[in-house]
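**Q** My questions will all concern the structure given below.
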Amino acid sequence: MSHYKSNVRDQVFNLFEVFGVDKVLGADKFSDLDADTAREMLTEIARLAEGPIAESFVEGDRNPPVFDPETHTVTLPEGFKKSMRALFDGGWDKVGLAEHLGGIPMPRALQWALIEHILGANPAAYMYAMGPGMSEIFYNNGTDEQKKWATIAAERGWGATMVLTEPDAGSDVGAGRTKAVQQPDGTWHIEGVKRFITSADSDDLFENIMHLVLARPEGAGPGTKGLSLFFVPKFHFDHETGEIGERNGVFVTNVEHKMGLKVSATCELSLGQHGIPAVGWLVGEVHNGIAQMFDVIEQARMMVGTKAIATLSTGYLNALEYAKERVQGADMTQMTDKTAPRVTITHHPDVRRSLMTQKAYAEGLRAIYLYTATFQDAEVAQAVHGVDGDLAARVNDLLLPIVKGFGSETAYAKLTESLQTLGGSGFLQDYPIEQYIRDSKIDSLYEGTTAIQAQDFFFRKIIRDKGQALAYVAGEIEQFIKNENGNGRLKTERELLATALADVQGMAASLTGYLMAAQEDAASIYKVGLGSVRFLMAVGDLLSGWLLARQAAVAIEKLDAGATGADKSFYEGKIAAASFFAKNMLPLLTSTRQIIENLDNDVMELDEAAF
């Protein structure tokens, strides 16, 4: 039996019943795709994920990649490569890719819904399969000549990496020292060592790998502004035919031993260090590396958040299945009666609390990433939200740190509830949840730690944006609060949501006040740092509560229209999750607001020796 448990029903509900993404299908850019086809695609990829892709999940963990320092190569477990080939054979690595690169255009919301299944079943499989998506980013940023190379890479299914991190330049990317030296023929020789590079070698999955490398040209200034982006292929190739040539001077020199996500080869990558120059080409022939790389980074952050959410969802569904079957103890109302019948643990109050917590967060987080994705296509944003492309881009930028930061922190935390549901059995490798937890911890670390996400959220996505995107989302929440959808049956939930919105707005005002005060007292900026992660998490809870309540309003309409059977149970679950979240999670934001409003610098003024 597969460890992975999909939830296509919830995806379809979000896409078509709540957000109305079907409005854009069958016309213009998406003329070849209708709602029925979209449903079939979701069902088909869920079947593939539960079968061939999930099959090697455990094998890849127990038998991680083997590095050969003599050949600088990585050997992957055979079962995992079989899973990858099943993914490639179905063309699933090209979902959402531009038509001129061999893909099928589709709304980003549908694309991410499809990807959720791969990430939930075997997350490393999607990471190895990111080549076509990276090819499109290279195509969009490249010169006319480089667009040809990107097309070759997509057509031939090459692998790809994003190469930023160095031993002394992690979150501080601008401290990178990898050097680029221009050659007389216009190419560049890249010299340096990079660290924590995902999929820098991948056995025989790909005939070539294109590395997108941040490096500092000789004479360039310090910090991120001095960095440029270079295309550095593993093998040289014929620029017209794509035929593979000689080895380029970029070699894997180590593979990390990790807590989880083991089958994903996390590599040290040395450039120009082994007697062969690492030849690269300046992407777009412009020195604009960090801005170009942010196209890749934003894609990666969306992926990480979706991965975390997918893992929590399957963790919850595994816990639910176990709880429905595990018989232990009597019902609490009969706990003093030693002759009372034994019941399944779903009868116990704390198990129900835990399961509903998992359900509410798993489904709330799914709603957040899909809501975010509806702003990633101008056509969808216009049809679904009535906003123009500029505002859509701003809202997407605002929400990405929520998807990544809030999603990764929350999924990891609530997966412990999934494990707890299984009791001691959850601690065993007989069940998948302990691996889910190990595999998901990385999500709050790579592609920008949660603190980085929180500061990006506050400084760039709110302050620099002058609050435009935040005001739009707050306005949407206010409109829902005032709406009477549900015939008054969500009155309490709306009142709790209104309080939560006011609490979040109060937090934003306090943090802005600390920022303004820093103009006179520089140390005041510390308070922003002390409060920003809590603020990010609070906004995530607010969005979860709102989107769950929106779902409940739709569910009430469906029940009033006579839904029966499995649909009736599904909609009743939606109302229950929204009500539970509003009553149990949203009130906690009031205390968070009080904490942020009363922040001081005591912890910053404490001597380091006292820690």
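Note that Cβ sites are derived from N, Cα and C of the backbone, with glycine treated the same way.
Heads up, here are the entries from Swiss-Prot:
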ACT_SITE  Glu447  active site, proton acceptor
BINDING   Met162, Val163, Leu164, Thr165, Ser171, Thr198, Arg326, Gln420, Thr421, Leu422, Gly423, Gly424, Thr449  FAD binding site
BINDING   Ser171, Thr224, Lys225, Arg301, Lys338, Glu447, Asp456, Arg460, Lys461  2,3-saturated acyl-CoA binding site
**Q** Consider the recorded positions Lys225, Lys338, Glu447, Asp456, Lys461 and say which one has the Cα lying nearest the Cα of Leu164 (FAD binding site).
**A** Glu447
**Q** Any idea what the Cα distance is from Glu447 (active site, proton acceptor) over to Ser171 (FAD binding site), rounded to a whole Å?
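**A** Cα to Cα, Glu447 (active site, proton acceptor) and Ser171 (FAD binding site) are separated by 9 Å.
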**Q** Pick from Lys338, Lys461: which of these binding-site residues has the biggest number of other Cβ atoms within 10 Å of its Cβ?
**A** Lys461
**Q** Gly423 (FAD binding site) has how many other Cβ neighbours within 10 Å of its own Cβ?
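**A** Gly423 (FAD binding site) is surrounded by 13 other Cβ atoms within 10 Å.
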**Q** Round to a whole number and give the Cα-to-Cα distance in Å for the pair Met162 (FAD binding site) and Lys338 (2,3-saturated acyl-CoA binding site).
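**A** Spelling it out, the Cα of Met162 (FAD binding site) and the Cα of Lys338 (2,3-saturated acyl-CoA binding site) are 62 Å apart.
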**Q** Which three-state DSSP class does Met162 (FAD binding site) fall into?
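**A** Going by the DSSP assignment, Met162 (FAD binding site) falls within a strand, counted as strand.
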**Q** Could you state the CA-to-CA distance between Asp456 (2,3-saturated acyl-CoA binding site) and Arg326 (FAD binding site) to the nearest Å?
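**A** Taking the Cα atoms only, Asp456 (2,3-saturated acyl-CoA binding site) lies 44 Å from Arg326 (FAD binding site).
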**Q** Say you check the Cα of Gly423 (FAD binding site) against those of the binding-site residues Lys225, Lys338, Lys461; which is nearest?
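**A** Nearest listed residue in space: Lys338.
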**Q** Could you tell me the C-alpha distance between Ser171 (FAD binding site) and Lys225 (2,3-saturated acyl-CoA binding site) in angstrom, no decimals?
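**A** Just about 15 Å between their Cα atoms.
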**Q** Going along the chain, which residues six or more apart from Thr449 (FAD binding site) have their CB under 8 A from its CB?
**A** Ser171
**Q** Measure from the CA atom of Lys338 (2,3-saturated acyl-CoA binding site) to the CA atom of Arg326 (FAD binding site) and give the result in Å, rounded to a whole number.
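**A** Here the two Cα atoms lie 19 Å apart.
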**Q** Please work out which residue of Ser171, Thr421 has the most C-beta neighbours within 10 angstroms of its C-beta, and give that one of the binding-site residues.
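**A** Result for the most crowded candidate: Thr421.
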**Q** Give the helix, strand or coil assignment DSSP yields for Lys461 (2,3-saturated acyl-CoA binding site).
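**A** In the DSSP reduction, Lys461 (2,3-saturated acyl-CoA binding site) maps to helix.
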**Q** Does anything in the same chain, at least 6 positions from Lys225 (2,3-saturated acyl-CoA binding site), have a Cβ under 8 Å from its Cβ, and if so what?
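**A** Sequence-distant Cβ neighbours: Gly174, Ile290.
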**Q** Tell me, how many other CB atoms lie within 10 A of the CB of Arg326 (FAD binding site), whichever protein chain they belong to?
**A** 16
**Q** Pick out which of the recorded positions Glu447, Asp456 has the most other Cβ atoms within 10 Å of its own Cβ.
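**A** Comparing the recorded positions Glu447, Asp456, the most crowded Cβ belongs to Glu447.
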**Q** Taking DSSP as the reference, which of helix, strand or coil describes Lys225 (2,3-saturated acyl-CoA binding site)?
**A** helix
